[in-house]
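*Asks:* Provided herewith is a single structure, encoded as structure tokens, for subsequent inquiry.
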Amino acid sequence: MIPVRCFTCGKVISPAWEEYKARREKGEDPKKILDDLGITRYCCRRMLLTHKEIIDELNPYQ
């Protein structure tokens, strides 16, 4: 679950997550993906670059 907004500046970033993830899995360069998606602020870039999906690992503990 990607946060809806950047923690630092508040820009909405969640719509870019699915495309970023799909293109990253294909082996594309993260810099190029983020540039293409229009994510220019380094705080927003950090949100996508450092996010790790752990929701599937946490589901058994509900």
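Including glycine, each Cβ sits where the backbone N, Cα and C put it.
Values in this document were obtained by computation on a predicted structure and should not be read as measured data.
Pulled these features from Swiss-Prot for this protein:
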type    : residues                 : note
BINDING : Cys6, Cys9, Cys43, Cys44 : Zn(2+) binding site
*Asks:* When you measure from the Cβ of Cys43 (Zn(2+) binding site), which residues in the chain that are at least 6 apart have a Cβ under 8 Å away?
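*Replies:* For Cys43 (Zn(2+) binding site), the qualifying residues are Cys6, Phe7, Thr8, Cys9.
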*Asks:* For a quick check of understanding: among the binding-site residues Cys6, Cys9, Cys44, which residue's Cβ has the most other Cβ atoms within 10 Å?
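*Replies:* It comes out as Cys44.
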*Asks:* An 8 Å radius from the center of the Cys6, Cys9, Cys43, Cys44 Cβ atoms defines the neighbourhood of the Zn(2+) site; name the other residues of that chain inside it, in order.
*Replies:* Arg5, Phe7, Thr8, Gly10, Lys11, Ile13, Arg41, Tyr42, Arg45, Arg46, Met47
